[in-house]
Amino acid sequence: MRLSLPRLKMPRLPGFSILVWISTALKGWVMGSREKDTDSLIMYDRTLLWLTFGLAAIGFIMVTSASMPIGQRLTNDPFFFAKRDGVYLILAFILAIITLRLPMEFWQRYSATMLLGSIILLMIVLVVGSSVKGASRWIDLGLLRIQPAELTKLSLFCYIANYLVRKGDEVRNNLRGFLKPMGVILVLAVLLLAQPDLGTVVVLFVTTLAMLFLAGAKLWQFIAIIGMGISAVVLLILAEPYRIRRVTAFWNPWEDPFGSGYQLTQSLMAFGRGELWGQGLGNSVQKLEYLPEAHTDFIFAIIGEELGYVGVVLALLMVFFVAFRAMSIGRKALEIDHRFSGFLACSIGIWFSFQALVNVGAAAGMLPTKGLTLPLISYGGSSLLIMSTAIMMLLRIDYETRLEKAQAFVRGSR
């Protein structure tokens, strides 16, 4: 006998209907555990889990390949960065198990504490942070370096999700409700720009705006804030000579291929060498220290060179499906009025996809370089740990949503 779960009433949120439409349109492509709304036998999203493992595996393989030349030069060990990345993966796995055991109510309760802790760490890094290429973004703990900016992303999105639960009506009906999150962004932006780290500021700003849109904020508020945001970004670019060089290099990197346009031209050469099937794993020429940051910010170019167009498309599809699953999980959580979980899941999907878009766009010459990692693929301990934690939060949200539906069915069948 086929059992069915009762349909639960959707919250009426402006912007939520768009999320439902996108999710429904793509639902046949990626269905997670292939369950329908009438079945809740499998209590976790298998597709999301395997996509996460796949991206982490691709990341480890490509970090190993791309980092061998620089590892040999810096430490006389070609596998130095691969070993560290392996340690980060083990730590991420341990952290993932812990995250899966924590109910979402825990993150909601301590969201403000997490944000306060992130602000304190951002202050500490300005005082005792280790500097790399003129940017003080890391706190050196010996075996591990912490990048507070990565923790700030997750803690802010938890805080904003909780804020939207508490002040949703104020956000929709009052300008003050809309501006309060912008005030938090402003405080974080000041601390981040002091490092400097414009890329993280852009991610925080865009993701927060998207969350407010889903919560039903008025359109004219977005137009005003976006206009102010664009003006602020332009002023910040003009204030720093290195940012001006990045933008001009993005417009025409071949004008100065050995100066400001060097990194981008080398990245484009990597894509050109890759063609359809690539040069083969380990056969990149650009990673031989022609392309700076080949194992971090520009690892996507090495994927293009070694695995070709096919590898690039595969990686992008996997990233897209992870982002879609996040939005779908968020939609289902909002359907049963798990608002904190729903908003947080949507924010993770937007964050994941936007950061990947900026990284890929910078490597392909479509966007100025921002120093953002490719989620789960680029080398970077803090990024890997925080991103994997965010993915495990999605799995926990999905589990709680399915559990709620199953319990609703049991109650309804009595």
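Using the three backbone atoms N, Cα and C, a Cβ is placed for every residue, glycine included.
Taking Swiss-Prot as the reference, the stretch among 13-33, 265-285 described by the feature transmembrane segment is residues 13-33.
According to the topological domain annotation in Swiss-Prot, Tyr44 and Arg331 sit on opposite sides of the membrane. Outside the transmembrane segment (198-217) by six or more residues, the chain places 13-16, 19, 149, 152-153, 156-157, 160-161, 164, 168, 171-172, 178, 181-182, 185, 188-189, 192, 225-226, 229, 233, 236, 243, 343, 346-347, 350-351, 354-355, 358, 370-372 with a CB less than 8 A from a CB of the stretch.
Remark: secondary structure over the topological domain 'Periplasmic' (364-373) totals 0 helix, 0 strand, 10 coil, with classes taken from DSSP.
Between the transmembrane segment (343-363) and the listed ranges 48-68, 175-194, 374-394, the one holding the most Cβ pairs under 8 Å is 374-394.
Sequence-remote contacts of a segment are chain residues at least 6 beyond its ends whose Cβ falls under 8 Å from one of its Cβ atoms, and for the topological domain 'Cytoplasmic' (133-174) they are 14, 107-108, 111-112, 114-115, 117-119, 121-122, 124-126, 180-181, 184-185, 188, 192, 195-197, 200, 203-204, 207-208, 211-212, 215-218, 339-341, 343-344, 347-348, 351, 371, 380-383, 385-386, 389-390.
As a summary of secondary structure, the topological domain 'Cytoplasmic' (395-414) carries 19 helix, 0 strand, 1 coil according to DSSP.
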